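Participant: TrEMBL lists 522-738 with the feature domain 'STAS'. Among the features that TrEMBL reports, transmembrane segment is placed at 118-134, 165-186, 193-215, 279-301, 330-349, 408-426, 433-450, 470-495.
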Amino acid sequence: MIEIKRKVYSQEEFNDTFDYNPEKSTSLREKLKSQCSCSGKCLKTSVKSHLPFIDILLNYEWRNWLVSDMVAGLSVGIIHIPQGMGFSILASLPPVYGLYSSFFPVLAYFFLGTSRHISFGTMAVISLLIATVVDRESERLGLDEDFSGTNTTDPLSSYTKPDAVATKVGIACAVSLLVGIIQTLLGIFKLGVVASFMSTSFVGGFLMGAGFHIAMSQVPFLLGLQIRKVDATGKIPVVAAEILRRLPEVQPAEVITSLVCITFLTIIKEIINVRYRKYLWMPVPAEMIVVTIGIFVSYMAKLEDNFDIAVIGTIPQGIPMPEMPYMSNAHTYIIDAVIIAITSFIISVSMAKQFAKRHNYEIDVNQEFVAYGISHTIGSFLHCFAGAQAPPRTIVHDATGGKTQLASLFSCGLVLLACTVMAPLFQLLPKCVVASVVLVALFPLFRGFSDLKFFWSVNRYDFAVWIITWAVVVFVDVTSGLITGIGLSLLTVIIQSKLAKGYLLASADKPALSGMYPPSKLYKSLQHIPGIRVFHFPNVLYFANTENFKQQLFKVTVNPRKMSKLTVKVVQKERPNVNSELQQESAQTDANMDNAQDNCPSSKTIQHDVTSSPHIEIMWDNDGNSQKLAVHTQDGVCTVDTRDDINSNHCIVRSADGEDNIHIKCIIIDCSAMAYIDTAGICLLKQLKSDYEEVGIKFVLASCNKGLLTKLQLAGIVPGYSKVIAVYPTIHDAVVSNNIMDNPDLVVSSKL
């Protein structure tokens, strides 16, 4: 048993006793000045924070880590090559630009990134968003017409025109440049907090919907079909209908090749690499095996000539010279760039956080923003399109024992080899093989459907956000789904805060002795402190939920307006000659309460002598909710059901004998969950204090955090600047102080 004895404190007494020293506010000028100060130590710290690879190399365990990073880097590089080509086609660009995008941005991230495990580079969802812009702008410029005068879903069909290729690549690079600039600026201004606006349910629904778009875009390659491009709203249903209509035209050889590749990839990636992981030195590189076999069979069997199987075609050899992106119409896709920038950041930083937690190190979210931004900016001048981390590559990096981003140097070396030496070999690679690699890479994404059961059980709002975001992405378009998902995420926060339910706390063990105050509805044996109600509101208090806070408080305690009107009714019965005076006072009180929010800074309290009025009591039900107001008179007791309209004539005079009633004298607001309060919330507290005082009930606050207490002090309604509302450091102090007012030096004794 623990026994605690101490003096009862108000917040003001507690501050004085323990030398309260609030933090001084810092002006913007002072903050900027502190950031601009320079010293040798400061410069060293700044360089290390902005170039994390320096710290990695200084603390690198060469003997223990080098081999692991080399194996991980080569394993990831093997996946980079087929995924880069596949995601480049998905972005409506020639495959070689996927190789460039798997080299330059990855190399830049090595110097700037703080995550040791994510594999930056091409990513399916980002490629899809890039394709949306490239296709839209190409159609506007008339670049999608091939020599037959038809549109197809094959991005390679329009590359017979060199000018068309250059323009499409220029558009993709321009988008990437804008993405890089946006991400860099957001990182510089420390806006990595933007990630908090992306709920897990929104990200899951969006990625799942984008996965459907990616899968549907690969189906024509898997079946050997060339269908018309669809860039309008509702793309997936239209493309699906077109594929069904063209089923008689499928190429059997490509269907068989696709099935074999998908089956092989699934067996290796989903069965062997998962079930027999502990027996493998490294995961089996299924993608590279499929690509190698595909190139070999295509060369030996002459698949393009003998079976009419479409192949990748000409791939330029070497590294291109830097060029300025095509920026003449950049203003038309600035919104797309913002969306891609945020999406890329969310996808990458979420995985970076997950692996940092797993391996017990920290990442700098704002530096990650800068790293992605500079990587995209540099890449845009070197014919690269925007990307993000890809889960399959990141998982392989971790599974093969990768320790740091040094592994990315080895993967870059392998990709560079593919661009300069092995490029001609990939010309014979069947497109259906690349499509199979892309499709199987989506399988982990599709497992996100299993999250729906969890969302439904825990939070129906998250379930709704997931479903609606997914549906809009699939049946409307990706951009609309992204905007809808973000809007719904913010809306659900507002709705849930507005609908937050407050509840009463009661004392465990003997009243006012235990110091424990659990929710009264959850524990039937708890006792309410006589004459005191402790109200807990589990949310912030701001303009959107002030009315809900007030209604919840009135529901479980008492409505001061009804008490005031009831007093007037009873006095009118006893002393009719003061009828007009009391009516006028009641009307003035109503006006004062109705206009409380609008006139908070200068509101006045209408005072009247409560003790001269009949004795007011509140009667409670078994759940602790106030059910009746009672006014004791010389003729009996006048009671009014609090659920009825107080303006009605429902007033019954009855005896008080046998009534389970309690005379309430103090309401304590537990502020421990109020992380934030705005001016509307402050005005409400001030008005509630005034309203309850009019009917003889004290209104006090307890357990205010530092930020809340500071705001209340600046508003001049708590001790420190004035004494409008009493504040106590704990609920127990408030209860004891207001329960035994005749002994202010009472020692608090808690036995737990």
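Don't overthink the numbers, they just go from 1 along the chain as shown.
Just so it is clear, glycine is given a Cβ too, placed from its N, Cα and C backbone atoms.
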Participant: Which listed range (165-186, 433-450, 470-495) shows the maximal number of Cβ pairs under 8 Å with respect to the transmembrane segment (330-349)?
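Facilitator: That would be 165-186.
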Participant: Considering only Cβ pairs under 8 Å, which range in 118-134, 193-215, 279-301, 470-495 makes the most contacts with the transmembrane segment (433-450)?
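Facilitator: If we count Cβ pairs closer than 8 Å to the transmembrane segment (433-450), 193-215 scores highest.
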Participant: Please tell me whether the transmembrane segment (470-495) and the transmembrane segment (193-215) touch - that is, whether there are at least 3 C-beta pairs under 8 Å between them, with each pair 6 or more apart in sequence.
Facilitator: yes
Participant: How does the model score the domain 'STAS' (522-738) in terms of mean pLDDT?
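Facilitator: Within the domain 'STAS' (522-738), the model's average pLDDT equals 69.
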